[in-house]
Amino acid sequence: MAAKQQRLAVVSDSQVEAKRTDLRANEKKCSWASYMTYSPTVIVMIGLPARGKTYMAKKLTRYLNWIGVPTKVFNLGVYRREAVKAYKSYDFFRHDNKEAMEIRKNCALVALQDVKGYLNEEGGQIAVFDATNTTRERRELILNFAKDNAYKLFFVESICDDPDVIATNILDVKVSSPDYPERDRESVMEDFLKRIECYKVTYQPLDPDRHDKNLSFIQVINVGRRFLVNRVQDYIQSKIVYYLMNIHVQSHSIYLCRHGESHHNVEGQIGGDAELSERGKWFAAALKEFVEEHHLSDLKVWTSQLRRTIQTAEELGVPYEQWKILNEIDAGVCEEMTYKTIEEKFPEEFAMRDQDKYHYRYPGGESYQDLVQRLEPVIMELERQGNVLVICHQAVMRCLLAYFLDKSADDLPYLKCPLHTVLKLTPVAYGCKVDMFDLKVEAVNTHRDRPLQNKVQTDVPPAVLRRNSFTPLSSQDQIKRPRLYSVGNPSQAIVSQAPTLPSMQFSEASEGAELLLCEDSLNGFSAADTDDCDHS
Amino acid sequence: MPRELTQNRIQKIWVPTKDDKPAPRRAAGAPHFANPPTVIVMVGLPARGKTYISKKLTRYLNWIGMPTKVFNVGEYRREAVKNYSSYDFFKPDNECAVKIRQQCALAALRDVKSYLKDEGGQVAVFDATNTTRDRRDMILKFGNENGFKVFFIESVCDDPNVIASNIMEVKVSCPDYRNCNKTEAMLDFQRRIECYKTSYQPLDPDQHDKDLSFIKVIDVGRRFLVNRIQDHIQSKIVYYLMNIHVQPRTIYLCRHGESSDNLEGRLGGDSGLSPRGKQFSAALAHFVKEQQLNDLKVWTSQLCRSIQTAEHLGVPYEQWKALNEIDSGICEDMTYDEVKEKFPEEFALRDEDKFYYRYPAGESYQDLVQRVEPVIMELERQENVLVICHQAVMRCLLAYFLDKSADEMPYLKCPLHTVLKLTPVAYGCKVESIYLNVEAVNTHRDRPEEVKRGTGTLIRRNSVTPLTSPESNIKKPRIDDLDEPPIQDMPPSVASIALCSPSHLPLALAGQNLRMSRHDILQPCQ
């Protein structure tokens with residue numbers, strides 16, 4: 001470490017200093033993935049109802065935001081429910097219902113206006129247009145819209161004829177839809193199946209051989225059993241395809257925890273490669289018990305290549321795999337120091353980290369942003385796998401957790417991941433359920449709260465600041481609005497010029513109210529966030 | 001009971017000690033998802049780029065540390081039948097020839113088996129037309145009996161231009177047509193394709209083959225159909241195939257200009273350019289202009305010296321942190337002499353096995369390969385790119401393009417102020433080395449003499465070490481290769497195989513030691 005410190009001194013003496021500071025100040029904050037997304041892209045979902053379009057749209061959006069490409073879902077259903085407050089029955093979706101057709105088309109136009117506002121004004125890079133888009137006419141309209149605005153288009157069509165899958169889908173997410181407030185399950189199922197029939201009449205799937213052979217798209221067939229990929233144009237489309245090919249819908253749980261308490265933890269030192277403390281070993285034993293109690297069949301165990309995680313895994317008596325990329329954030333010149341020492345030795349660095357913890361890179365080390373990029377293959381593989389227990393480190397666990405819970409770059413470095421606590425993540429409907437297990441072995445607290453003086457500023461970032469930055473946002477953060485409008489809500493400024501819908505109203509007064517919810521006890525997932533599927 | 005952990009001295013990996021046995025070599029930083037071995041089966045008419053895909057994929061898989069080898073049935077056939085006369089041989093009703101071809105396939109499969117079972121291979125690429133269901137069923141059965149996973153790659157292409165240029169590029173120079181002129185060869189080859197067409201049964205995703213794992217590559221990557229991916233490696237293969245393209249382009253690799261740390265012989269660090277380093281940057285700007293490339297992308301690392309170099313070019317550039325120089329941990333900013341003095345043991349360990357050696361709190365070449373993998377993937381996607389990077393990083397990238405093994409990679413020569421121009425040709429990559437005439441210090445440390453014939457091969461047995469893509473066995477008939485799989489278990493008709501001339505596809509390489517001793521690395525040690 002001495003060498004690294006010395007290096008810092010040498011560098012700051014040298015003539016390059018000016019240049020460096022300059023670089024640092026102008027450092028682009030955007031992620032690599034964002035860099036590579038040259039022109040704004042509209043991802044257009046296609047498919048009959050209950051084909052998992054919204055599931056894919058939301059999941060993809062969460063992933064893209066996490067890797068640092070600002071993305072937002074525009075769900076047409078939400079617009080439609082705004083326009084038509086009371087849903088009666090599938091009659092509304094009959095293709096010969098002229099009045100309803102008009103309303104639906106208007107909704108699409110409003111949503112597209114919002115897409116435009118998002119991509120042109122709000123710094124968005126990808127908009128996911130989540131609707132059935134089952135007719136060529138509708139897709140033609142979108143193609144023209146994209147052409148006028150110089151957006152790239154990528155279609156994601158979900159095709160599924162397995163009745164069991166469709167039924168499960170309806171039961172999972174549709175019966176709880178606001179369209180069906182007080183009905184019993186069977187009539188919902190019946191109505192919804194009829195609704196699907198309405199769409200079937202006019203459904204024109206993408207035709208890779210003739211009509212649509214020049215479009216860029218992926219067809220996801222029978223829930224990922226098969227894929228047809230046509231004319232991938234660029235980096236981000238290739239990433240999207242790779243992601244969609246790796247996700248699956250089998251039920252599984254991911255368990256995240258940190259290593260047992262280490263000697264460095266006890267001393268308050270960061271980084272390093274210390275061994276477990278006595279209590280750390282007790283935790284490892286408690287973890288073994290936990291794994292046994294939960295009867296986790298086929299559980300895969302992953303660790304980093306640092307001793308404390310390997311020691312923890314060794315106690316379990318099961319095979320495990322080591323990933324170097326799960327290693328703790330590299331604190332560079334600050335490795336093995338306490339926060340206090342850092343504050344003394346590098347007061348400026350210390351202050352900078354507090355200012356923008358996500359982007360702050362330790363001299364000779366890493367930032368959270370670097371970490372997210374490093375961890376991407378882990379996420380990809382977690383998506384592929386069944387039950388996995390990941391024994392990792394505080395900063396690493398925060399990054400992984402932020403992916404599953406859709407947390408923004410702002411919140412990510414302050415997520416609470418205490419020692420000796422296991423988080424169980426189970427995908428449900430459109431989100432992820434979190435169960436927390438405190439294994440009742442005492443440990444030091446390694447969490448440093450967000451400094452108070454910055455709290456106000458960082459909690460509610462001024463719109464201007466956010467606008468053109470490429471900081472990962474959570475999918476929800478994209479629209480800080482009351483929960484009722486939490487998906488696909490049009491931006492106000494633009495609505496005024498857009499085709500208006502008579503009954504569309506926005507309660508501006510309550511804007512931002514939701515924000516205050518996020519800072520409760522533990523990452524805010526104790527209550528509200530455990531259910532991300534609230535799409536009302 | 002938890003086992004005691006000891007740190008592997010070369011790789012700095014914590015491993016449990018069991019029964020005093022030395023811990024086995026670990027895979028790279030990521031788990032290797034120990035799967036059953038995989039047989040990749042190419043499917044498609046002749047001149048559909050099967051061999052191109054096979055070779056390229058094999059090179060990639062070897063580079064990421066997955067021992068892979070191509071088994072090209074055409075080569076077996078050429079062994080069995082020395083003198084190719086004409087397309088008559090491929091007529092479906094030529095019974096004698098059909099029999100020979102069948103036996104060649106069997107011989108190749110036998111070699112696949114011994115490669116995957118006895119020689120530490122993980123992936124075998126079975127490169128043949130495999131256009132009939134009969135043949136594919138036979139392979140499936142073979143896979144099933146041996147516990148190998150089978151993944152098909154079918155190349156479908158109907159564009160006559162693509163096919164014609166394919167034939168011109170690689171087929172007319174094939175040994176089959178040694179004594180023909182180009183037109184004759186072209187004609188014969190087209191007839192050969194017709195022979196296959198009559199019996200071609202493409203993979204059928206809807207019915208017959210719906211349960212198989214495969215990818216159809218349609219019209220040279222314009223479209224893909226992917227069916228039932230089973231595991232990590234298949235998913236990686238699919239991603240790779242979706243990112244490669246065949247447009248002609250050029251990749252330029254160079255290091256930053258000489259830095260002040262270079263002058264002092266220091267490792268790592270983040271120093272600025274020396275005056276000569278700045279001269280180089282200017283020369284590079286001139287060079288880039290001369291090349292007259294439209295749409296040249298320039299990539300740098302996030303270290304000062306590579307950015308300063310790019311700044312001189314006056315064109316936009318992009319910074320990758322993944323291109324940063326190898327992290328030499330506690331040895332950062334030291335000279336080799338200082339390292340030798342302060343950490344004599346570490347210094348010696350690095351010489352012992354430079355690819356695996358991880359600096360304490362730093363990285364190894366193995367780590368580096370993993371780190372730059374996304375760069376390779378993106379390079380494959382792009383067209384003309386200039387990468388301004390660092391010695392160790394450049395060696396890793398170069399090893400990918402030139403198919404170099406882990407043994408050679410850390411000693412590849414990547415001098416300062418020299419641009420390597422890589423152009424894809426046929427199945428390989430042409431390299432030109434262009435020295436820009438600005439003097440610089442030499443930062444290359446040769447492989448130390450005393451360990452040149454070190455124990456390297458011994459530990460290599462079950463490791464996942466990047467290898468060069470091996471040539472097929474029957475093509476390396478060197479007498480001194482005692483480790484060659486015995487030929488006697490081939491069927492009689494093939495046993496008469498005489499040993500043939502060396503590869504007909506020499507790669508033109510400049511500056512690099514071409515003749516690589518594959519058997520050094522490949523051989524399973526006794």
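Heads up, residue numbers simply count up from 1 along the chain you see.
Each Cβ is built from the backbone N, Cα and C atoms, and glycine gets one as well.
The domain '6-phosphofructo-2-kinase' annotation in TrEMBL covers B:31-248. Under the heading substrate binding site, TrEMBL lists B:R255, B:H256, B:G257, B:E258, B:S259, B:S260, B:D261, B:N262, B:R305. Taken from TrEMBL, the feature active site, tele-phosphohistidine intermediate covers B:H256. Sequence annotations record features per position, and here TrEMBL assigns active site, proton donor/acceptor to B:E325. Positions annotated as region 'Disordered' by TrEMBL: B:466-486.
Here the features listed in TrEMBL are painted onto the structure.
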| residue | record | DSSP (3 states) |
| --- | --- | --- |
| B:R255 | substrate binding site | strand |
| B:D261 | substrate binding site | helix |
| B:R305 | substrate binding site | helix |
| B:E325 | active site, proton donor/acceptor | coil |
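For B:R305 (substrate binding site), the same-chain residues 6+ apart in sequence whose C-beta sits under 8 angstroms from its C-beta are B:H256, B:G257, B:S259, B:D270, B:S271, B:G272, B:L273, B:G277.
Around the residue listed as 'active site, proton donor/acceptor', taking its Cβ as the centre, 24 other Cβ atoms fall within 10 Å, counting all chains. Binding residues for substrate (B:R255, B:H256, B:G257, B:E258, B:S259, B:S260, B:D261, B:N262, B:R305) extend across at most 14 Å, taking the greatest CA-CA distance. For the substrate site, the Cβ centre of B:R255, B:H256, B:G257, B:E258, B:S259, B:S260, B:D261, B:N262, B:R305 serves as reference, and the other residues of the chain with Cβ at most 8 Å from it are B:L263, B:S271, B:G272, B:L273, B:S274, B:G277, B:L416. Other C-beta atoms found within 10 angstroms of the C-beta of B:D261 (substrate binding site) number 22, with every protein chain shown included. Residue pair B:D261 (substrate binding site) / B:E325 (active site, proton donor/acceptor) shows a Cα separation of 13 Å.
Less than 8 angstroms from the CB of B:R255 (substrate binding site) sit B:S306, B:I388, B:C389, B:H390, B:Q391, B:M394, B:C414, B:P415, B:L416, B:H417, B:T418, each of them six or more residues away in the same chain.
For the domain '6-phosphofructo-2-kinase' (B:31-248), the model gives a mean pLDDT of 93. There are 29 other Cβ atoms within 10 Å of the Cβ belonging to the residue listed as 'active site, tele-phosphohistidine intermediate'. The number of other Cβ atoms within 10 Å of the Cβ belonging to B:S259 (substrate binding site), over all protein chains shown, comes to 30.
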